[in-house]
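For reference, the structure discussed in these notes is given below.
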Amino acid sequence: MNRSTTVLLRDLDEEDKSQENQGLPLSLLRQFSTKERGVARRRQTMTSILRRSISDSVERNLCYRVGLHQACRDGLIDIVRALQQRGVPTINTLDKDGLAPIHYAARYDHEEIVQLLIEGGADLDIFSGCESKFTTPLQIAARFNSPATARLLVLNGVDVAKQSSYGQQALHYAARRGNLKVVQVLLREGKAEVNAEDNENSTPLHAASQEGKLDVVEILLQYGADPSLSDNDGYTAVHLAAKDGYDDVLEKLLSTAKTCGVSCPAILNKMDNDANSCLHLAVRHGHIKSAEVCIKYGADTCAVQDDLSSPLHVACVNGYYEIAKLLLLNGANIHDEDAEGMTPILRASLTGNVEILDLLLSEGADISSEENTYSPSPLMCAVKRGHPNAVRFLLQRGSPIDLRDVSHRTSLHVAVFSSDAETLKVLLQAGGECLLNSRDKNDQTPLHYAATKGSLQLIQELLKTGAKVDVKDEDERIPLHYAVENGDLDCVRVLLEACPESIHITDFCLQNCLHFSAWHGHLAVTKYLLDQGAAVDSRCDERLTPLIQSAFCGCNLTTSLLLDHGAKIDATDKNGCTALIAAASRGRVSVLRLLLDRGADIRLVTTDGKNCLETAIANGHQDVCMEIIKHERWKEAFPVCDKRSNFIPLKSLIETFPSVAKVVMDKCIQSSHHLRTDEDYSVTYDFKYVNPHPSLLSDGRVFFAPKTMLDYGREELIFHPLIIELMRCKWQHMGVRYFYISAVIYLFYLGNLTLYMLCIQHLCLLNSARPVISTRQNVCIFARIKVWEIFIAVMTAVYLLIEMHQAFWETWNYIELSNIADVCTFSTALISIFPEPLGLEFHDKCVFLVISVLFGYLTLLLYLQSVFESGIHVTMLFVVLKTLGKVAVMFFILIFAFALVFQMLLSKEANAIALNMTMNGTLLGDIDKDPFQSLRFSFVKVVAMTIGEIEYTRFFIDQRLFSPTLSQAVFLVFCVMMPIVLMNLTIGLAVGDIDSIQQNAEFKRLSIKIEVIHEFHEKSPLWLLHRLHQPKSVKQPNRKAKTILHKIKGLGNRLVSGKKTKYTVEDAERNLADHLTKILTSRMKEQDDRISGITLEMKEQRKLLESLLQRMPGTEALRTLSDD
């Protein structure tokens, strides 16, 4: 891009500053100042332009490569004329910079070239590209002061009202740049609208006034510009002139408005969008002459903004003394209050301007508020902002020193809170000693404030002046309490040296200094207080000791320090909370570990019966629970069950922290001290926690840990060796004794029910025309059937009573598949035996008997699922049935649709009617055997066809159809959708379910056993559970059976217990060792992090020290440090 284009685009984009640095090396920009960089830039730019110009004129033939755009830019009229004679078609074409030839000619005021372009058909109103803000040639001429070109364009009919992308017309550009001749051309010859508005409702008068172009403002006013028009910000031209300090422009605007009969006060007092009047703007920006002009033409010196700030407030805030003096001379109210109730003198006090304070006081401003009003005073404001000179001046002018604010704070309170030592000294020297022990509304003295802020210098100054140390506030706290609470040892030492007895002073909660220090974990302060004789076991109103408060805080070092000084480790508060329970409730692991190692009683409980473990579980602190369990005294905090609250620790751990429950179960497996290969090596499994004795539970309900694990999905816990051994022992005791016996009894009952059904079938077939089969005649005699009926009725009644008892105790939980099958089996069996009371016929008896036998065998499947190892296949069956039920809706819709269609297309009756066939006897007989004779039969037939009974030849070859083509098409659709797609979909889903069950077969098998055993526990009486309870199991894996009886017993145990699990005792011990290793590794990592932090801090301290030494005179010390 050449120089001319660069200059044009830079001016259009108004980015002069950003482009000044382009092309210069970064090192050059860093070496020179802003002014020097500008000179260097211009020098380099001129050098590059001169070099390129000489190259173009000497080494190249310029005429052969100059285009119309460049010729118009450089004023080469001959080349422009020659190009026009050749008929160059680029007269209205935009170049890569978005400019047409006429834009360049207008920019450089080449009038003759513009005339040639107009004669050649150039578009006078053509817009430049987006990078040039969519400006027209007239706007460019107006902007860059090309009056001749502007006049020529106007005379040739250019549209002077065209707007750029910002909505600005040519008059806006000319007015802003102060191009007077162009403005005259546009107004006189172009008849431009003098009050034209851009996108922000800004007029040319706004633009000229904002830039201070007085001559342009004058001519705009001559042509009728309205100075009262406002832009989007609420600014009039008068506002802009006042804001930027162009007092001559402001004077001209107001004088013209006054001459035209426009109210100057109305314009001056008009508020912009930020509620600023012209006088506010002039005062805010410090333009005193503009302020004088505003006042001269009637500006209200008492006008207020939205926050009720007057011009005098603004002048006081910004420290403009001359302007404040001017305002006061012209009637400004010295007592006006803003929205915050602040007067000008209060605002001046906040800034600390002594000259303005003197001016305001001399004009009658109140040096203090009225008595007992508690309004802000100048002295308090100056003290608050830390202006000692202003404070000294106000005191010299007679300001009372004992003034108080609404909170009854004195100036001494405020000075101390602001941590301004110099202001404090000024006040004390001016008679502030009388305020040393003054109290605010909270009864706090300045010394309380100093202790709260932790300012040692202020504390020393107050104590030196005579402040009392033992003054209590409304909470009965003394300054020492606040210093201790902040942990500032130097302040504590100074205050305690001033009054050693204050170490035992307590607040309203009976807390002394040691309580505050322990509660916030300030180690150094705690050590100092103990060395000074603080009572280590002092108690507050809540009976809290410093040790308990330190445990709540979680400071390990402070807790250790208190214990070293003899603090009672098992002291309790009024709620029975010890330091150990306090640490557990807040999750303070390190403090809890320290207390356990120091011998804290882990068995103590609070008044609501919670020990440290239960407290940690209730508050969700897993790391605390893990720390308690891994301690050697963990059993003391781990009761089987708390009868008072019915709290079972292991149950809560399974529900919330399964990893901690796993560690507990690992600890319940103990191996003997023998070698693993020794014959006497044994493993003891303690079931005390996973299956506690029923007598230990308050409500008598048995806690069965595997059931809780199953309910919460803790699969990893179910496969723990302790649970595997528990299930083996349970199954050995209950499976053989009860479940298998129950299964055999039920099988005997079902066998009798089956034989009874066969005999009933035999009686139905027995008639005079048919001989009796000899094999059944010996069994199915009437007397024997009656005995069967009585036997079956008795057993059925017993079973029904058992089910009723179970339903009574389980209520809604009774409703499940196995119970429903049982009830259906026994109720239908009883109805089939005694049909007469219900008025049923013999065939109804057979129907109920069939239903009973069907449900009976379904119940037998459920027995197989629960009792035998092959029950996993029964589980597969029910899972597949469940999946089938989910897709049954889709099956039903399609089957119903095809049943309707096939009844219409394939039924013999419909085809006979359509084919006008005679209904003879043969045809009527065939219709009676038609599977599509009704919707019910059609539905059943479609189901049969879906599973494979297609019979294509029977329906499409042997039978005449009234629409064979349509019937075959529908049949093909049926074959694709039903037997192929739907059946394969169902098979795929079933295969997926079976595969999932096979992958988790061991878990499924254990889940079934857990459910069965838990159900047995729920149904069994307590005396039976007491009898069957087994507290532990001892296994000797290396000891072989010595007798045949023992071998047979071992074989039976293996058959009953099923397959061995892949999880062993060695895995449990390995997991426990891994867990302890992880704990040790984490602690080592914490130590490494601490060492790294200390090393980093030492490096930072070294850098800081080196930087300080570099600033010191002489380099000997620095050289010594570098040598080190």
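Residue positions begin at 1 at the first shown residue.
Quick reminder: no glycine exception, Cβ is built from N, Cα and C everywhere.
For reference, TrEMBL has these:
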type	residues	note
REPEAT	97-129	repeat 'ANK'
REPEAT	166-190	repeat 'ANK'
REPEAT	200-232	repeat 'ANK'
REPEAT	233-255	repeat 'ANK'
REPEAT	274-306	repeat 'ANK'
REPEAT	307-339	repeat 'ANK'
REPEAT	340-372	repeat 'ANK'
REPEAT	374-406	repeat 'ANK'
REPEAT	407-439	repeat 'ANK'
REPEAT	442-474	repeat 'ANK'
REPEAT	475-497	repeat 'ANK'
REPEAT	575-607	repeat 'ANK'
TRANSMEM	738-760	transmembrane segment
DOMAIN	742-1001	domain 'Ion transport'
TRANSMEM	781-802	transmembrane segment
TRANSMEM	814-834	transmembrane segment
TRANSMEM	846-864	transmembrane segment
TRANSMEM	884-906	transmembrane segment
TRANSMEM	969-991	transmembrane segment
Using DSSP, break the repeat 'ANK' (274-306) down into helix, strand and coil residues and give each count. 16 helix, 0 strand, 17 coil
Work out, from DSSP, the number of helix, strand and coil residues along the repeat 'ANK' (307-339). 17 helix, 0 strand, 16 coil
Count the residues of the repeat 'ANK' (475-497) that DSSP assigns to helix (H, G, I), to strand (E, B) and to coil, and report the three numbers in that order. 17 helix, 0 strand, 6 coil
Using a cut-off of under 8 Å between C-beta atoms, tell me which stretch among 738-760, 781-802, 814-834, 846-864, 969-991 contacts the transmembrane segment (884-906) the most. 969-991
The repeat 'ANK' (233-255) and the repeat 'ANK' (97-129) contact flag, 3+ Cβ pairs under 8 angstroms: no
Counting only residues at least 6 beyond its ends, the same-chain positions whose CB falls under 8 A of a CB in the repeat 'ANK' (340-372) are 307, 310, 312-313, 315-319, 321, 324-325, 328, 334, 378-379, 381-382, 384-385, 387, 389-390, 393-394, 397-400, 403
Structural state census, the repeat 'ANK' (374-406) (DSSP three-state): 17 helix, 1 strand, 15 coil
Using a Cβ cut-off under 8 Å, which residues of the same chain at least 6 positions beyond either end of the repeat 'ANK' (97-129) come close to it? 1, 4-5, 8-9, 12, 68-69, 71-73, 75, 77, 80-81, 84, 90-91, 135-138, 140-141, 144-150, 152-153, 156-159, 162
Report, as numbers and ranges, which residues of the same chain sit near the repeat 'ANK' (475-497): CB under 8 Å and 6 or more residues beyond its ends. 442, 445, 447-448, 450-452, 454-456, 459-460, 463, 469, 503, 505-508, 511, 513, 516-517, 520, 522, 524-525, 528-529, 532
Would you mind listing the long-range same-chain contacts of the repeat 'ANK' (274-306), meaning Cβ under 8 Å and 6+ residues beyond its ends? 233-234, 238-239, 241-247, 250-251, 254, 258, 264-265, 267-268, 312, 314-315, 318, 320, 322-323, 326-327, 330-333, 336, 338-339
Residue numbers, six or more beyond the limits of the transmembrane segment (781-802), whose CB comes under 8 Å of its CB atoms: 749, 752-753, 755-756, 759-760, 763, 822-823, 826-827, 829-830, 833-834
What is the number of residues in the repeat 'ANK' (442-474) that are helix, strand and coil, as DSSP sees it? 18 helix, 0 strand, 15 coil
For the repeat 'ANK' (307-339), would you mind checking the mean pLDDT of the predicted model? 91
Could you count the residues of the repeat 'ANK' (97-129) that DSSP puts in helix, in strand and in coil? 16 helix, 0 strand, 17 coil
Secondary structure tally of the repeat 'ANK' (200-232) (DSSP, helix then strand then coil): 17 helix, 0 strand, 16 coil
